[in-house]
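These features come from TrEMBL:
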- 12-31: transmembrane segment (TRANSMEM)
- 51-70: transmembrane segment (TRANSMEM)
- 82-107: transmembrane segment (TRANSMEM)
- 127-146: transmembrane segment (TRANSMEM)
- 158-176: transmembrane segment (TRANSMEM)
- 188-207: transmembrane segment (TRANSMEM)
- 278-304: transmembrane segment (TRANSMEM)
- 338-362: transmembrane segment (TRANSMEM)
- 383-403: transmembrane segment (TRANSMEM)
- 415-435: transmembrane segment (TRANSMEM)
- 442-464: transmembrane segment (TRANSMEM)
- 522-545: transmembrane segment (TRANSMEM)
């Protein structure tokens, strides 16, 4: 038998350089900001950031190692249908730039959830949104740290615990030291590493297969090329409608109202640049998702040509292991396997640092500032926010260790909470922005019930056997008996987090009672959550006494038809917005500047 493949000295050098540069960026901005030790500088960069770095940071805040492992695995096992989510993400960028950014940016907020208190005149509405977000982000930090740790242990034998600690410490270090600027510029650097790592896999894979035409032909031969599945059945896992419409709702929540995104586009000096930073991600999404998907089909073509499927022959135990397995087999140049590991860690670090910065901001602004803000100086407030980063960094490391030891429904519950929270959070902002009659009671009850419903469905989905992909497997008649892999111990964590199922065949069963509800595609969870918040919120509001249209300041509302259907006649648009006049966001900005400065 061959010896298990291991990383060489150059691989460790490349990996260490990535970690070192990330830490150095934090040190640089930590020393640079010594003369301006304010919380606004630390959390919001004094609204002085540039558009392109912020745009890259917004995207990479939500592209983790889970995506690096899970998306190629999806392409390998189920084909190209998932690529259509790119359209949903692009649509989400447009909706965010047109509806959400003009609503939140002019309010000069640090925490996105301050809007809920202002709009509903209810602290409990703010606390509801903040608590959902905080629990979601803490869980996500643990999951994002654990995914690359298993990959590194599988290919090098480096302990999982050590990797979790390194991710946690490095991200906490540069976030606590350099604040928003360090996080944004580290994201730019780590995004470059991810780009290079993915290109290395694609280019070498295409060369090995004999050209991209051969890559496409092998995938077509095995039924992997499919983009347009228009089945309206919501239980079908991936269709055009679920990927585009359901994906657009989910990613509008991510890009629009997630605290990490709000902090970034609000760190820019003008509304125009804030909107542009989100719209630029239309290009970023197209590039990054295309690379993720190309990685998967190139790896599939390589093993199809070789007539040896590592998954079918049990050389790997999960489709999530296919990308690291391919790297260790094919990218046998000094430093390239290390580049892939750096790519995984870049995804993890960017996600964790974004969570840390967001958690520190909402904890200070929503919980501590009302009690301590008038007692502390700006320097002391900055130190408090740095301490919060350290505390949440430790919490993230702790959750990662807990996740690494969980099995079964407890782990599934934590993953489900992360995916189920996006819809209710968006629903709270849509309830406030689109429906002036909604009140604080409706927001609180709707938010809680929306979260409970999507959690219930997503956890219940694990009780329903998953159907096989139906795609033909690679003919594995040419596998060498002496091939062994160092990857067989990798966990299936990334696939579970992405909700990508394996190709294991299960016996069909009759569904009864409410079980058909559990078969709804995971891509509709956010839509269900958002719709539940809006519907329940309106019902409770009307039952407890709705707010009058004149009672709500127009700056807290979204003029939907003016923003999306500006070509309609002015008289019709005025009727559709209940004859209420809305100030332009630029006017609000001038007013806030006058009173704040």
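Glycine too: its Cβ is placed from the backbone N, Cα and C atoms.
With a threshold of 8 Å between CB atoms, the same-chain residues lying at least 6 positions outside the transmembrane segment (188-207) that come near it are 18, 21-22, 25, 53, 56-57, 59-60, 63, 68, 215, 287-288, 291-292, 294-295, 298-299, 301-302, 323, 326-327, 330-331, 336, 339-340, 342-343, 346-347, 349-350. Among the recorded stretches 82-107, 278-304, 442-464, 522-545, the one sharing the largest number of Cβ pairs closer than 8 Å with the transmembrane segment (51-70) is 278-304. Long-range contacts of the transmembrane segment (278-304) within the same chain: residues 51-52, 55-56, 58-59, 63, 67-68, 71-76, 80, 82-83, 85-86, 89-90, 93-94, 96-97, 101, 194-195, 198-199, 201-202, 205-206, 208-209, 214-216, 218-219, 221-222, 224, 255, 261, 265, 310, 322-323, 326, 330, 474, each at least 6 residues beyond the stretch ends and with a Cβ under 8 Å from a Cβ of the stretch. Here the listed stretches are 12-31, 127-146, 158-176, 338-362, 383-403, and the one with the most C-beta pairs under 8 angstroms to the transmembrane segment (442-464) is 127-146. Counting C-beta pairs under 8 angstroms (sequence separation of 6 or more), the transmembrane segment (12-31) fails to reach the transmembrane segment (415-435), with fewer than 3 such pairs.
Below 8 A, the CB atoms of the transmembrane segment (415-435) and the transmembrane segment (158-176) form no more than two pairs separated by six or more positions in the chain, fewer than 3 in all.
Within the same chain, residues 7-8, 10-15, 17-19, 22, 43, 57, 60-69, 110-113, 130, 133-134, 137-138, 140-141, 144-145, 147-148, 151-152, 155-156, 167-168, 170-172, 174-176, 179-180, 183, 186-187, 190-191, 193-194, 196-198, 200-201, 258-260, 263, 323-324, 327, 331, 385-386, 388-389, 392-393, 396 sit at least 6 positions outside the transmembrane segment (338-362) and bring their C-beta atoms closer than 8 Å to a C-beta of that stretch.
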